[in-house]
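Copied from TrEMBL, the annotated features are:
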- 128-254: domain 'Palmitoyltransferase DHHC' (DOMAIN)
- 42-67: transmembrane segment (TRANSMEM)
- 73-91: transmembrane segment (TRANSMEM)
- 171-194: transmembrane segment (TRANSMEM)
- 214-235: transmembrane segment (TRANSMEM)
Amino acid sequence: MQSSGHRFRDVEHHPLLAENDNYDSSSSEADMAERVWFIRDGCGMVCAIMTWLLVVYADFVVTFVMLLPSKDFWYSVINGVLFNCLAVLALSSHLRTMLTDPGAVPKGNATKEYMDNLQLKPGEVIYKCPKCCSIKPERAHHCSICKRCIRKMDHHCPWVNNCVGEKNQRFFVLFTMYIALISAHALILCGFQFFSCVRGQWTECSDFSPPVTVILMIFLCLEGFLFLTFTAVMFGTQIHSICNDETEIERLKSEKPTWERRLRWEGMKSVFGGQPSLLWINPFA
């Protein structure tokens with residue numbers, strides 16, 4: 001899920017803008033909050049659409065190929081409700097990750113007027129990003145796809161068509177978790193379905209013809225295995241980064257922490273918000 005073309009191209013630290021430097025600083029934080037955050041990247045949009053189509057395909061095979069033709073009513077109802085609830089949670093988490101500002105620093109705010117408002121102490125050094133002409137906070141990195149500096153940027157993920165940063169990391173973690181869960185669920189259901197069809201009659205275990213049923217289930221097994229492996233690894237990596245209070249970029253670049261690292265539990269609470277509760281796993285909260 002990481003873009004390899006930009007993740008290591010962090011900008012160098014440069015002096016602040018001079019008084020005669022002309023940059024457009026008209027967009028404010030309030031204006032940014034009123035607009036929907038969406039990255040217009042062709043590759044990212046294609047990957048995001050593919051993600052939705054693959055989840056819809058899995059839901060179709062599970063519901064119409066395996067569960068509805070089943071003679072066990074409660075088996076179909078329980079697994080159907082569980083799988084579809086997980087799918088809704090996964091797609092909701094995907095939307096929240098994609099449409100949430102990951103922590104973008106306002107563009108062009110490195111002006112003399114803004115410097116005066118900061119009331120800096122004598123000798124205090126701050127830095128600007130020469131690419132988006134903004135004051136670069138500590139632990140912020142510039143994303144060449146989003147064309148912005150992102151606070152606590154972990155990486156840019158084309159599958160969610162957005163950076164994973166300070167404000168949307170929670171939704172990204174939930175997205176990987178729910179995709180891993182529905183992938184595991186789909187694989188288990190495929191195993192039961194194959195066993196049922198082999199033990200009984202192939203013509204009775206599905207409303208589709210045996211060749212079509214086998215092809216659909218094989219593709220679902222391949223999709224489930226790949227998604228489970230990929231998202232489970234990503235989920236574990238994200239939890240490890242949160243507990244260590246270290247982003248993926250900082251880890252790969254072996255940056256020495258200049259900030260005071262949070263304790264593991266404090267790191268989890270800072271990302272998921274407050275004390276542990278069901279709200280932690282609720283993408284609608």
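Glycine too: its Cβ is placed from the backbone N, Cα and C atoms.
Nobody curates TrEMBL annotations by hand; they come from automatic prediction.
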Comparing 42-67, 73-91, 214-235 for Cβ pairs under 8 Å with the transmembrane segment (171-194), the winner is 214-235
Looking only at the domain 'Palmitoyltransferase DHHC' (128-254), mean pLDDT returns 90
